[in-house]
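Participant: Positions annotated as signal peptide by Swiss-Prot, on the basis of sequence analysis: 1-20. Summarising the annotation, Swiss-Prot assigns topological domain 'Extracellular' to 21-253. Sequence annotations record features per position, and here Swiss-Prot assigns domain 'Gnk2-homologous 1' to 27-135. Sequence annotations record features per position, and here Swiss-Prot assigns disulfide bond to C34-C113, C89-C98, C101-C126, C148-C215, C191-C200, C203-C228. Annotated domain 'Gnk2-homologous 2' per Swiss-Prot: 137-237, in sequence order, evidence recorded as sequence analysis. Taken from Swiss-Prot, the feature region 'Necessary and sufficient for plasmodesmal targeting' applies to 254-274. The feature transmembrane segment is assigned by Swiss-Prot to 254-274, with sequence analysis given as support. For 275-279, the entry in Swiss-Prot reads topological domain 'Cytoplasmic', with the evidence type similarity to another entry.
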Amino acid sequence: MRRLFLFSLLFLFFYSSSSSRSSSESHIFIYGGCSPEKYTPNTPFESNRDTFLSSVVTSSSDASFNSFAVGNDSSSSSSSSAVFGLYQCRDDLRSSDCSKCIQTSVDQITLICPYSYGASLQLEGCFLRYETNDFLGKPDTSLRYKKCSSKSVENDYDFFKRRDDVLSDLESTQLGYKVSRSGLVEGYAQCVGDLSPSDCTACLAESVGKLKNLCGSAVAAEVYLAQCYARYWGSGYYDFSSDPTNGDHVGKSIAIIVGVIAGFAILVVLLSLCRNSMH
């Protein structure tokens, strides 16, 4: 019985450590944007915005995507008080991690964009956006963020062929989320959930085109447009976590240190229990 108990503790430790890493990585900051126009506190817009953010948190425990229109009915005192917004989690996230990511987004967007009539926030695992104008379902391929790795590849025919195969596969999707791999080159892409299949394909084609034009021979790159994104990396050449341009290194370092200390403490307890069971 004691051995079964020890095995259960070990399983719980390694499972929770893996889950924690997955959850923490989804919270990594990618980009944020705030409208220059500001609203006055304690106004109908602020009330509608707070209602939207509360609805987002509630909905994210059940769905990976949802959109909202708050205060846009005829009884609204002013059309400028309406809030249109959406959230979306990366399609491979568990529902619990999606909910945590969205909660983090809500907490951060109010700090990054206080009193803004419009704001957007992209984390590694989720996206949050609201505006006072109705943008829902309307195609928008404006560039929001790009990152090209500092390392590049020259005269490697196999790499570029596999990269282009992956990117062609990504831009052809009409499913909203796609993962692709060719040899050591991997990538994934996603559209917001309210885009039609044809608009999603068009958005991803634009994103892939910008990846090639803006990042050239980079061994890894990511391009985020207003309603879709695409990214790729050569796993044999590149590790995103080692790139000095990758964000949130302080947070990662702290998480690693805390994880190591916690793991060491649990192992000490387990060894002590094993020693006691032998006597």
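Cβ coordinates are placed from backbone N, Cα and C, and glycine is handled just like the others.
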Participant: Can you tell me how far the Cα of C191 (disulfide bond) sits from the Cα of C148 (disulfide bond), in Å?
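Facilitator: About 20 Å separate the Cα atoms of these two residues.
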Participant: Rounded to a whole angstrom, what is the C-alpha distance between C126 (disulfide bond) and C89 (disulfide bond)?
Facilitator: 4
Participant: Could you give the Cα-Cα distance between C228 (disulfide bond) and C200 (disulfide bond), in whole Å?
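Facilitator: Approximately 7 Å lies between the Cα of C228 (disulfide bond) and that of C200 (disulfide bond).
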Participant: According to DSSP, folded down to helix, strand and coil, what is C113 (disulfide bond)?
Facilitator: coil
Participant: Please list, in sequence order, the residues in the chain of C148 (disulfide bond) that are at least six apart in sequence and whose C-beta is under 8 Å away from its C-beta.
Facilitator: L214, C215, G216, A218, A220, A221
Participant: Counting other Cβ atoms within 10 Å, pick out the least crowded of the disulfide-bonded residues C101, C126, C200, C215, C228.
Facilitator: C215
Participant: If you count CB neighbours within 10 Å, which one among the disulfide-bonded residues C113, C191 has the smallest count?
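Facilitator: Among the disulfide-bonded residues C113, C191, the sparsest Cβ neighbourhood within 10 Å belongs to C113.
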Participant: Compare the C-alpha of C89 (disulfide bond) with the C-alpha of each of the disulfide-bonded residues C34, C101, C113, C200, C203, and give the closest one.
Facilitator: C101
Participant: What disulfide-bonded residues in the list C98, C101, C200, C203 lie within 10 angstroms of C113 (disulfide bond), counting C-alpha atoms?
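Facilitator: Near C113 (disulfide bond) by Cα: none of them.
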